[in-house]
Every structure is written in C-alpha cells, then in structure tokens.
C-alpha cells in the first residue's frame with residue numbers, strides 16, 4: 001500500500017459513517033471485528049496475499065464497532081425521568097462554561113432523588129444553571145434541584161440539531177436549574193488530578209487579563225490564549241465569522257503552532273540540546289492542551305506537533321499525509337463522533353489545504369513574476385498561498401455550517417495571523433508575570449489593550465467593506481464533492497504536469513468549465529420552479545411565516561419572539577428565523593409584515609432588520625388600549641426601520657400587497673370597526689388572504705372573537721384551502737369562522753409544553769369535525785406548503801414530505 005496509514009484511516013472513517021447510517025448493534029459489530037482480527041492474524045502468519053484487504057476490512061469494522069460501543073455506552077436511566085422535577089447528585093466532570101447570564105456544567109450523575117426515593121444512577125448530564133453568580137469548579141460534588149429534560153429534535157429543516165450534538169458527546173439529558181437555592185455543594189475531589197491542576201493554573205493565569213483589561217478585551221484575550229469563549233461578545237463573534245477569522249477566537253492549530261514554536265525557541269535559548277527537545281516539550285504541550293479544553297482543533301494540532309517532534313527526535317523523515325491521517329485516527333479512536341464536529345472537519349480541511357494545496361498555489365503565484373521574487377516577496381507569496389489554500393479547502397464546510405463565504409478572509413487572515421501571534425505572546429507574558437506580581441501584568445496588558453483595539457478595528461474595517469461576505473444556501477453534497485474534486489485535480493495537474501494535447505484540452509475547456517460553475521452558483525440559490533411556497537416556521541410559542549413567490553420574491557409575516565427578546569435582542573430572530581432564511585438562500589426580505597406588536601410575533605424583527613435588507617414593512621394600524629399599550633421596544637423598532645430607510649405602511653381591510661404579479665395578497669382585517677383605538681392588539685392583527693392559481697391561504701394572526709365576528713358580518717370571502725389557525729389554537733375560535741373558511745388543512749403555530757394550554761382541545765375538535773387535516777409546529781415542526789397553482793404538497797420539519805391528499809384543481 002502507498003501510505004497505508006491514510007488508507008487505514010479512510011476505512012476506519014467509513015466504518016463510523018456506516019454505523020451512523022445503519023444504527024448497527026454494538027455486539028454484532030464487535031463480533032465481526034474480532035472475527036476479522038483473528039482472520040488477519042492468521043493471514044499474517046500464513047502470508048496470505050489477500051491479507052492487505054482483510055486488514056482494510058478490519059479497520060472498517062473497527063470504526064463500526066468503536067462508534068456503536070460509544071453510542072450504546074452513553075445510554076442512561078436518567079432519560080426515563082425526562083419532564084420531571086428531580087434532585088440530582090453529580091460531580092462536575094469538566095471545566096464550567098461560563099456565560100453572561102448562566103453557566104453550563106457537565107455532571108457525572110451519581111444519585112437521583114424524587115418523591116423521597118433515592119436511586120443510584122449513571123450517565124452524563126448537562127446542567128443549565130442561571131440566576132446565580134456562584135461558579136463551581138471541576139471536581140465539585142453538587143446536589144441540584146431542577147427540571148430534567150431531553151432536547152427537542154429540530155423543528156425546521158436544516159436547523160442545528162442540539163439533541164444530536166449532545167448525544168455525540170455522550171449526553172442524553174439536560175437539567176434546568178435556577179437560583180442560589182437550586183444548588184448545594186456536597187463535596188469536592190477531582191477524578192483527574194492532572195486536569196484539575198491544569199484548570200487551576202488556567203484560572204490563575206486568566207486573572208491577569210480580567211484584572212487589568214476591560215471585560216470585552218479580557219474575554220477576547222482569554223479566548224485567544226486559553227480557549228475560554230463563553231464571555232466573548234456576540235457582535236465580536238459575528239464580525240470574526242463574517243471576515244473568515246473566527247478560528248482566532250478559540251485555541252486552534254494556529255495557537256498551538258505558535259506555542260510550539262515559542263516553546264522550542266525557549267528551550268534552545270536556555271541551551272537544551274536538540275535531542276532533549278521532544279521529551280521536554282511533550283508534557284508542556286499536553287498540559288496546554290488540557291488547559292485549553294481539548295477541542296478537536298487543539299487535539300489535531302497537538303497530536304501532529306508531538307508526532308513531528310518525535311519523528312525528528314527518532315531521525316524519521318516527515319510525512320505530512322501520514323501524520324495528518326494518524327492524528328485523525330488517534331482522535332477518532334478516542335471519540336469517533338468527533339468526526340461530525342464542525343471543529344474537526346474545519347481543522348483537518350484547513351490543514352490538508354495548507355499542506356497539499358499551499359505549495360501548488362505558491363508555485364502558481366511565483367509563476368506570475370517574470371523574474372524570481374526576492375526573499376521578502378517570496379515570504380509574502382507563501383503567506384498569501386497558505387491563507388488562500390486554507391480558505392479554499394474550508395469553503396464547503398463553512399458554507400454548510402455558516403451559510404456564508406467571506407471574500408475578505410484572505411487579506412484579513414494575512415493581517416490577523418501576525419497580530420494574534422503578538423496578542424498571544426503578550427497574553428502569556430502578562431499571565432506569567434501576574435503569577436509573580438499582578439501589577440507587572442498590568443504594565444504588559446496596557447500594551448495588549450492597544451493591540452486588541454487595533455485588532456478589532458481592522459476586523460471591523462474588513463467587515464464593513466462592500467461585498468465582504470456572501471450568504472449562500474446550504475450546498476448540496478454533490479457540489480461540495482465537485483469542489484474538492486476540482487482542488488484535487490488542480491494539485492494532480494500541477495504536480496504531474498500535462499501532455500501538450502491535454503494542456504490544449506484544459507486550456508480550451510477551462511473557460512467553459514468556469515462559466516458552467518458560475519451558472520450553477522447563480523442558479524443554485526434561486527432554482528426551484530414556478531411554485532408558491534409558504535413556510536410556517538417552528539419558532540416555539542409564536543408566529544413566523546415565510547412566503548416565497550414563483551418570481552423569487554420573499555415576504556416574512558411575523559418574526560417570532562421569545563420572552564424578553566425585545567429587551568435582550570436575542571431569541572427567535574437570531575437563533576431560528578435568520579439561520580433558516582440563510583439556509584434556504586433568502587438574503588433579502590421584499591416585504592416584512594408585523595401583524596401586531598406582541599413580542600411573540602415581532603420580538604425577532606429588530607435583529608432581522610439589522611441583518612437583512614427590507615424593501616417594505618407593513619404593520620397593523622391598531623394603537624391598543626392603555627392596558628395593551630404599544631411596547632417601547634416596538635416603537636423603537638419602527639423608528640429604527642425609518643432610520644434605515646425602510647418604508648413603513650399601516651394596512652387595513654381592502655388593501656392589496658403587490659409582491660408578485662402571479663400572486664394575489666389581500667388584507668382582510670382589521671376593518672373600519674376593528675383595530676382602532678380601544679381594540680386589543682390581538683383583535684387588531686392583520687389578516688391576509690393569499691391566492692395563487694386555484695389554491696388559497698388565510699393567515700389570521702392572533703384575531704380573537706371580536707375580529708372573527710366582524711369578518712363574518714362584513715361578508716368577506718374567507719374560503720381557503722389552508723388556514724393558519726388564530727392565536728395559536730386558543731379556545732377563541734368561532735365555529736362560524738371555520739364554516740366560512742372550510743379549510744382542507746389547518747396549521748397551528750404553537751410552542752411545546754406551553755403554559756397557556758394551546759392548542760385548546762375545543763379548537764382541535766372543531767377543526768377535526770370540519771374535516772381539516774391539522775398540523776402543529778410543536779409536533780410536526782415547520783410546515784412547508786408548496787403549490788404550482790393546481791396541486792398542494794406539504795413537507796414538515798420532523799417527518800419529511802407527504803401528499804396532503806387535497807384534490808388537484
């Protein structure tokens with residue numbers, strides 16, 4: 001075999017993927033792996049010619065067995081208590097993740113208490129603790145009172161799967177607790193004294209930053225030097241993501257490389273002989289990896305650094321592909337599910353690009369010069385090639401996970417990498433001096449603060465450049481495969497060269513290939529046929545509906561909103577609606593409709609207005625009563641839209657929204673007798689009727705009995721195939737309204753386990769007796785209805801696609 005480690009690792013990864021797709025039983029996988037192992041031993045002893053293939057099969061089965069054992073080993077009896085309030089006794093098993101409003105802990109459960117009954121248990125638990133400034137440490141034994149839950153599966157297509165994310169870390173349940181009285185410290189004692197020592201050292205070293213830098217700078221410095229990310233501001237993270245330098249915010253291969261180079265230089269400075277470098281550096285690098293949290297990028301870079309150090313120590317030649325493959329194999333033996341971690345994929349993709357694509361790009365760039373470039377120019381070319389190679393190699397995973405491509409990432413990285421080296425040096429120097437005498441750290445951090453200000457100003461400059469970031473829908477797997485195929489072809493051609501005929505062929509077809517690729521990229525976000533699509537998003541206890549017309553226009557009706565989202569600016573808007581829009585390629589809202597000023601319908605609007613161009617905002621004319629006065633945050637939102645140049649228009653019955661010539665959108669309510677002063681906001685909701693071809697939709701906001709009666713009395717044509725049930729399926733639903741609409745399908749936008757009792761059994765019974773097929777976002781997830789004007793089709797976020805069964809018209 002040529003580089004057998006690469007091939008063996010590939011088969012091991014294939015085994016993990018096979019196990020993930022099939023859910024193979026661990027016992028069967030282990031039996032097959034052992035059988036194959038003994039077969040391989042026999043093949044070695046008897047020198048079978050086919051033994052190489054048997055070894056490949058062994059590694060495939062090894063990947064399958066390890067992944068299934070890992071998956072089944074994380075099962076816990078705690079899952080049976082989900083949805084119940086319990087008292088849990090468990091030990092803190094990792095460094096706490098401290099945020100501004102809460103702290104996340106990983107607990108190793110020992111005992112559960114419920115109703116006076118005690119039971120010994122096992123399993124990993126994620127503790128979500130809020131409402132207390134107290135932070136407990138690694139090894140502390142805690143007695144916690146709270147609600148044990150399981151994360152809900154994602155409701156919207158393409159949404160981040162939090163349940164699967166935790167399960168791949170061996171965590172099946174979450175314990176929600178709040179306030180000082182919810183937790184008692186019952187003891188202490190770390191299981192791993194080396195990890196405990198590393199975290200204690202990290203805490204002491206981090207104090208130098210928090211003591212002398214402002215909180216935002218201290219959070220940024222501790223993220224760069226020690227991997228502590230919880231306190232980094234959201235705006236900072238978004239700016240670094242948009243400019244392609246988000247890897248700098250946490251300890252990654254770059255940081256470990258800087259530490260390794262600095263450590264080797266320090267050892268040489270103190271006169272340590274070269275033969276002692278690897279033995280001396282190994283414990284330091286491992287200790288630093290423990291301090292910084294052992295994320296996939298740290299693990300990859302630490303393993304590779306140690307392998308290369310020891311290869312040099314033993315007089316072995318460097319073999320980058322084998323080293324990269326061995327690093328992946330070691331990490332995936334430790335936890336096979338890190339294969340699906342974005343950090344693992346990005347780290348290995350970037351490293352592969354730097355090692356394989358970097359030299360090719362460097363040669364191409366040098367070939368642009370008529371004369372061989374000088375030393376300085378060559379150094380700049382190599383830096384540019386490395387940055388460009390890393391960016392090209394990570395385009396598919398970045399587009400997949402973040403739905404963007406940064407067009408300023410190469411220049412931003414060229415400037416950021418030297419600066420982060422300086423920041424890391426100053427941060428480590430200040431931390432070390434702080435151990436001797438804290439004021440000395442203050443002197444160094446005065447310089448660090450200036451460098452960080454410069455750093456943030458440069459990132460902000462790149463972020464504000466026109467076209468700095470291009471948002472893309474989630475790419476198809478085939479497109480990602482074609483991208484990597486093109487990079488591999490470029491490497492192959494550059495290394496092996498081409499015959500004269502092949503060179504002419506490439507030269508002739510290259511422009512056509514580039515044009516085809518450009519056409520695919522242009523068509524890909526917009527392709528989809530002449531259909532109207534209405535997306536009823538799962539935003540919890542709230543409403544948000546996206547309407548996409550056959551002509552490619554987008555109208556968002558309400559934005560969802562969680563409790564206090566007006567105040568905090570975070571919730572449904574930034575965590576649910578915006579990511580969904582990006583994933584399906586919506587980067588502009590031609591019309592934003594806010595049916596009424598309640599937070600569960602427009603709490604997410606502020607974030608969307610700041611991050612998406614909006615052509616027109618349509619709002620309800622209702623002023624509300626003194627009891628239901630317009631929230632100050634809603635008034636501020638309207639003002640902010642005006643400041644950004646977004647036209648804001650109030651709509652009422654009889655108005656028409658001209659979004660697409662093929663789609664009729666009429667405002668049915670509020671009428672003259674409703675929605676004015678003295679009307680509650682719910683009854684002042686905008687009600688829309690959307691017609692395309694032979695099918696229609698009625699979207700009713702939160703109207704209650706008064707507006708429903710008014711609609712019926714005015715004799716409005718309410719008949720529709722699809723009805724968005726008013727007010728989350730509350731009991732305020734008139735039988736006459738359902739009779740008038742005669743819906744074949746009813747959609748209820750409602751949050752799971754809500755405290756309002758929505759949807760009301762009365763409403764469900766009324767709709768069921770009317771013959772409507774009922775969809776609920778709490779059970780079905782997002783409900784996506786598409787029509788070509790003749791036929792309706794439904795896709796749901798949790799169960800895929802189905803035919804509605806409604807007659808074709």
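Using N, Cα and C of the backbone, Cβ positions are placed for all residues, glycine too.
Here the structure is a predicted model, which means the values were calculated and not measured.
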Transmembrane segment range according to TrEMBL, out of 346-368, 530-552, 553-575: 346-368
Correct range for transmembrane segment (source TrEMBL, candidates 196-219, 220-243, 244-267): 244-267
Which listed span TrEMBL calls transmembrane segment, if the choices are 468-493, 598-623, 624-649, 650-675: 468-493
Contact between the transmembrane segment (6-23) and the transmembrane segment (468-493) (3 or more Cβ pairs under 8 Å, separation 6+): no
For the transmembrane segment (346-368), sequence-distant contacts whose Cβ falls under 8 Å of one of its Cβ atoms, 6 or more beyond its ends: 247, 252-253, 296-297, 300-301, 304, 320-321, 324, 328, 378, 381-382, 384-386, 388-394, 396-398, 487, 490-491, 494-495
Long-range neighbours of the transmembrane segment (468-493), counting only residues six or more past its ends (CB under 8 A): 158, 242-243, 353, 356-357, 360, 392-393, 395-396, 399-400, 403-408, 462, 506, 520, 524-525, 582-585, 587
Closest-packing stretch to the transmembrane segment (322-340), where packing means Cβ pairs under 8 Å, from 244-267, 287-310, 380-402, 414-436, 443-462: 287-310
Same-chain residue ranges lying at least 6 outside the transmembrane segment (287-310) that approach it to Cβ under 8 Å: 95, 194-195, 198-199, 201-202, 226-227, 247, 250-253, 255-257, 259-260, 277-278, 281, 318, 323-324, 326-328, 330-331, 334, 338, 341, 343-344, 346-348, 351
Same-chain residues near the transmembrane segment (443-462), Cβ under 8 Å, at least 6 residues beyond its ends: 208-209, 212-214, 217, 220-221, 236, 239-240, 243, 245, 408, 411-412, 415-416, 419-420, 422-423, 426-427, 429-430, 433, 468
